[in-house]
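For reference, the structure is listed below as structure tokens.
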Amino acid sequence: MARKVLIAGNWKMNLNHLEAIALVQKIAFALPEKYYAKVDVTVLPPFTDIRSVQTLTDGEKLSLTYGAQDVSPHESGAYTGDVSGAMLAKLGCSYVVVGHSERREYHAETDELVNKKVRAALKHGITPILCVGEKLEVREAGEHIQHTTTQLIEGLKGLKTEQVANVVVAYEPVWAIGTGKVATPADAEEVCKAIRETLREKYGDEIAGGVRVLYGGSAKANNVGDLVACENVDGALVGGASLDGEEFTKLCALAAGGPLP
Ligand SMILES: O=C[C@H](O)COP(=O)(O)O
């Protein structure tokens, strides 16, 4: 089954709402509409920027979509600082990042919590981008496949098969995030293939063939072509390079198969 390439720009804790508008305008201006036939492009700004990005994308009828970087596992109530799936859905979010390694590391998010967040997103019609991936010591011990597929299985635990069809998985080796050390296409393909095989064993051919598996970790315009050329890599979750309009536009165009706009 053909899977459309997805490029997701995770801005992390960068850019205020005015800077967000400027960046989205830059991407919209620089990336002609025809590229969207080959690549889905989404941006994942901080919560405080989402309303501004929504106003711009709705007003200009942009093909670019947007989402959030986290979602509460709860529906509503006394959860100071949390933002619910219903709130994100009301803002028109298409995607939400769940289980990013930075949240697992700095906010002690467990697989169990990540699983609840995946469910919260799906309940409100938002596609979770479920992040999985190993730290350097796990890779050096040769346990990266086992580690990553366990995170995958736990993150999807209890979901119905048809719900899994609405999930995006992002393989992000922690040692490649923000370090400039991109995984080789062979490294990325090895783990993305194992992710797809795990999906096949648990949910069957149709689901495994349709779920998009992204690579994340120092993805840039100069390496994205080789990454998406891998059979089981369907796009990228991009951090640093998504903050630079020119670089991100190039990256999206090359992920679409080029040429540069
Ligand atoms: O969510 C994005 C990833 O953590 C990758 O970040 P990076 O492209 O800055 O390495």
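Residue 1 is the first one shown; counting continues down the chain.
Just so it is clear, glycine is given a Cβ too, placed from its N, Cα and C backbone atoms.
Predicted, not measured: the structure shown is a model, and the values here were computed from it.
The following features are taken from TrEMBL:
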type	residues	note
BINDING	ASN10, TRP11, LYS12, GLY178, SER218, GLY239, GLY240	substrate binding site
ACT_SITE	HIS100	active site, electrophile
ACT_SITE	GLU172	active site, proton acceptor
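Annotated features taken from TrEMBL, shown on the structure.
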residue: ASN10; record: substrate binding site; CB count, 10 Å: 26
residue: TRP11; record: substrate binding site; CB count, 10 Å: 20
residue: LYS12; record: substrate binding site; CB count, 10 Å: 19
residue: HIS100; record: active site, electrophile; CB count, 10 Å: 27
residue: GLU172; record: active site, proton acceptor; CB count, 10 Å: 27
residue: GLY178; record: substrate binding site; CB count, 10 Å: 12
residue: SER218; record: substrate binding site; CB count, 10 Å: 21
residue: GLY239; record: substrate binding site; CB count, 10 Å: 23
residue: GLY240; record: substrate binding site; CB count, 10 Å: 20
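Reported as a whole number, the C-alpha separation between the residue listed as 'active site, proton acceptor' and ASN10 (substrate binding site) equals 12 Å. Checking the binding-site residues TRP11, LYS12, SER218 against ligand 1, the ones whose Cβ sits under 6 Å from it are SER218. Reduced to three states, the DSSP call for HIS100 (active site, electrophile) is coil.
A separation of roughly 11 Å, to the nearest angstrom, links the Cα atoms of GLY239 (substrate binding site) and the residue listed as 'active site, electrophile'. Between the C-alpha atoms of GLY240 (substrate binding site) and HIS100 (active site, electrophile), the distance comes to 15 Å.
Other than ASN10, TRP11, LYS12, GLY178, SER218, GLY239, GLY240, the residues of this chain whose Cβ falls within 8 Å of the Cβ centroid of the substrate site are, in sequence order, ILE177, VAL238, ALA241, SER242, LEU243. Between the CA atoms of SER218 (substrate binding site) and the residue listed as 'active site, electrophile' there is a gap of 15 Å.
Comparing TRP11 (substrate binding site) with HIS100 (active site, electrophile), their Cα atoms are 13 Å apart once rounded.
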